[in-house]
Amino acid sequence: MSLNAYRSVLRTPQVVPTMLVVLLARIPITGVGMTLTMHVLLALDHGYAAAGLVGMAATAGSAIGSPLLGRMLDRRGLRAVVGVSIVVEALFWLTAPLLSYPALLVTAFLSSLAALPVMSLGRQALTALVPESGRRTALALDSMAVELAFMAGPALGVFLGTHWTGRPAMWVIGTAVVLSGLLLWVVDPPLRAGGAAPGGQAPRGWLDRRLVGVLISAGGATFLLTGVELATVAQMRAQGLTEWTGAAIVVMCAASLVGGFWYGGFERPVPVWALMAGMGVLTLPLVLAGGSPWLLGPALALSSFLCAPTLTATGEAITTMAPEGARGTALGLQGAAFTLGSALGQPVAGWAIDGVGPSAGFAVAALGSLAIAGLVVLLGVRGRTPEPVVAG
């Protein structure tokens with residue numbers, strides 16, 4: 001691993017300011033789910049199932065809307081998409097605290113169709129700013145920034161939900177989301193190399209078997225991650241250590257940061273399915289280590305080490321396989337794959353936890369990711385990063 005790759009990327013014009021803007025914009029977005037959950041539980045006085053349904057509705061909306069917003073990015077550019085998202089987010093967060101539970105359920109789905117696509121925007125902007133030789137390193141930095149956002153955002157949601165119960169918490173996080181959108185609209189980072197204007201016809205046939213394999217692997221990675229997170233919460237609760245759950249999540253994020261830094265210095269890509277399978281293998285020790293709090297921490301760190309590398313590899317493969325004129329759509333599909341993987345991972349792990357215990361949640365998450373990796377290999381869509389697609 002060479003640090004020169006990081007120096008080169010960070011010296012590229014506009015990279016550092018863009019990363020800082022995107023990081024700031026992502027923090028409130030990562031706190032939205034927790035804020036909605038706390039609102040349903042504490043302000044509306046409903047149960048966890050009701051809170052989960054709101055999360056599911058928002059997830060479904062995001063999965064449908066993400067590719068559509070990506071296509072709009074390709075055709076209309078950042079400001080057109082972000083402008084629509086700002087209006088939708090403002091309307092939702094202004095009215096959501098005043099709504100009954102059924103109305104909140106419906107509006108959570110509808111508003112998520114046009115939710116601010118800040119995750120894919122960050123990856124697309126860095127891909128445009130950095131030459132292909134530095135793409136892996138740039139996307140590794142982006143994955144590490146995502147980990148930082150997930151350290152801060154959910155904690156912000158919990159703080160708001162517990163200290164400002166009810167409407168104030170929702171309005172504060174909503175204001176932060178809208179301000180994030182306005183920040184992106186003002187800065188307007190480029191989404192194409194050389195600041196080229198959006199539009200134009202992308203070459204056909206870019207969504208092939210290889211890219212499908214990458215998308216399946218991306219979904220498999222988040223299937224594992226959400227399953228491990230839920231099993232971790234259950235394990236900490238079973239041991240009477242619920243108050244340390246946040247610390248456990250920080251350990252996972254920190255290990256992922258280290259892994260992302262390590263992978264960003266690689267000179268050659270690793271197949272996405274192989275990294276995802278590696279995550280599954282490294283998660284298996286959690287099945288045995290969960291009974292001891294002293295073993296749980298190191299095992300969580302081990303299982304999370306390949307998280308950022310896997311997410312980095314999916315972004316690299318997708319931005320290489322898709323032509324520049326279709327990268328917004330392709331990254332939108334990546335976002336949908338991440339979302340669908342998460343939507344499957346939690347209930348499957350939850351079923352195992354309810355039926356057997358937290359260790360079963362870890363086992364299902366690990367074995368599920370290994371099965372998905374095997375399926376990708378059997379289908380022959382392993383997603384090795386090819387030469388970039390060019391127009392013409």
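Using N, Cα and C of the backbone, Cβ positions are placed for all residues, glycine too.
Any TrEMBL annotation is an automated prediction that lacks curation.
Summarising the annotation, TrEMBL assigns domain 'Major facilitator superfamily (MFS) profile' to 1-192. Residues annotated as transmembrane segment in TrEMBL: 20-42, 48-70, 77-95, 101-119, 139-162, 168-187, 211-232, 244-263, 270-288, 359-381.
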Whether the transmembrane segment (359-381) meets the transmembrane segment (211-232): three or more C-beta pairs under 8 angstroms: yes
Remote residues contacting the transmembrane segment (244-263) - C-beta distance under 8 A, at least 6 residues beyond either end: 1, 136, 140-141, 143-144, 147-148, 150-151, 154-155, 158, 228-229, 232-233, 236-237, 270, 293, 296-297, 300-309, 311-313
The transmembrane segment (211-232) vs the transmembrane segment (270-288): 3 or more CB pairs under 8 Å: yes
